[in-house]
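Record features, source TrEMBL:
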| type | residues | note |
| --- | --- | --- |
| DOMAIN | 109-290 | domain 'Malic enzyme N-terminal' |
| ACT_SITE | 132 | active site, proton donor |
| BINDING | 185, 440, 484 | (S)-malate binding site |
| ACT_SITE | 203 | active site, proton acceptor |
| BINDING | 275, 276, 299 | divalent metal cation binding site |
| DOMAIN | 300-553 | domain 'Malic enzyme NAD-binding' |
């Protein structure tokens, strides 16, 4: 006999309704008593259906249903993976709201991992805007309200001094790729704090679907150091710590503990991809940890590689080398300056033009106007290499007329800034003006595809960050290119993983850009495209991975020896296969 707090006796050996023994005394405990959340792990059919990695839903065969105690737990019909995919795609297409589609897909990931990735692989063009930009931005804004179950690790300031212990709580031990954010600059939406988790989850879904890195080797992490978003701090559904952002020494010490713990727990070859950090932190973290860790920043390096690829591919239409052209960037943040640095390096690579000379072909506009030498004292360090001799100009239209660039590249996060007058000015001195409106999501795009084609009378070569539909002008259909980082980072990561690389070098980024540019066919150019079609992206990722791995072997940072003879075939053989397996 035991006793309740009120003194009444309780028979803990008795049974509850239905004759099931109350082994742990949970049913006879009062509500304020502490109980232990025991679970029994039995290899039964019920548990199998709730294991997303092994669940096949109605695709379990009659034989499997007998062998794995599934009789009665499923309706009698046996339906193939292909038919389940067809049914789910029909359901998704019936939803009008993209966020509804996003939530449905995340629920599928919780339920049936292989079917989720099968859907992504087979319907990439349709689903990419749902699992990543632009819909993932809305999902992050509403993450507190739509949160179902954690898809990654949340490491907050509450865990200071215990980060290594927290990493050990993650069930998978062989991690190859980590995507981490602190949520301070989510897409063009600003500080979303802990709710930025949608970004690492989305990126790693693409690592698997496009780059073939197995899901169990991927770990999404959100570092929660607070948020300066007043709306979130007052939101009753906010899922993060309710304080303003930690900065300075407190922030850098916390990040250093994190990076040290990552290496200690997962070793030298785990890739850490920084995602959506604020400009100053992004540059500092990349510079600080590049010599000691395998780190990559997609906003700086991935964006740079994919945009450089578009510029290299566009040369087939424009003619000449990169050094023969002039580039004007509208927006001088981490994305813009990262692209420019890689562009200058490629000019050296192509034409052996010294870096100082290469940089003079590249101009920047920030919030104060054209970046020029007379502003040098007040410029942030990463802007200084781009300050050239010129009188100060503040208006974009005046700047375009003065610099006469071949390419106008928007990385400002400010929508509608490439006005009709600006685009017409570009068209007045370029036979084929190259317009890249790269800011995400679509509402932040500097101009639309339709505007670029119409205002240049169909002469523009156009690419954007978020997807735009094809545009018809004067009887011709133009297919806007999307400078989507998904063309680069999944293949880039696979190349690092399959070569066992221990450091990232800029030459690897150039190799990735050139490999992607090489995948654009003459047929693509005739449609106005400077990027290959999205549905081919798995094959493209294999080519990118092979080029990156080849460069890793050449530089001497690859540890997987001997080098495979055919790196493209090796990349394809390494890729995760989302088809259902047969069970014993």
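All residue numbers here begin at 1 and follow the chain in the order shown.
A Cβ is built for glycine as well, from the same backbone N, Cα and C atoms used for every other residue.
If you take the Cα of residue 440 ((S)-malate binding site) and the Cα of residue 275 (divalent metal cation binding site), they are about 14 angstrom apart, rounded to a whole number. Residues 181, 185, 186, 199, 274, 277, 282, 297, 298 surround the recorded divalent metal cation site, their Cβ atoms falling within 8 Å of the Cβ centroid of 275, 276, 299, which are themselves excluded. Residues within less than 8 Å, Cβ to Cβ, of the residue listed as 'active site, proton donor' and separated from it by at least 6 positions along the same chain comprise 202, 203, 205, 206, 486. The shortest Cα-Cα distance from residue 484 ((S)-malate binding site) to any of the binding-site residues (275, 276, 299) is found for 299.
Residue pair residue 275 (divalent metal cation binding site) / residue 185 ((S)-malate binding site) shows a Cα separation of 9 Å.
Working note on the binding-site residues 275, 276: by count of other C-beta atoms within 10 Å of each C-beta, 275 ranks first. The Cβ of residue 299 (divalent metal cation binding site) lies under 8 Å from the Cβ of 274, 275, 276, 277, 282, 334, 335, 338, each of these being in the same chain and 6 or more residues away along the sequence. In sequence order, 191, 276, 277, 278, 279, 282 are the residues of the chain that are 6 or more apart from residue 185 ((S)-malate binding site) and have a CB within less than 8 Å of its CB.
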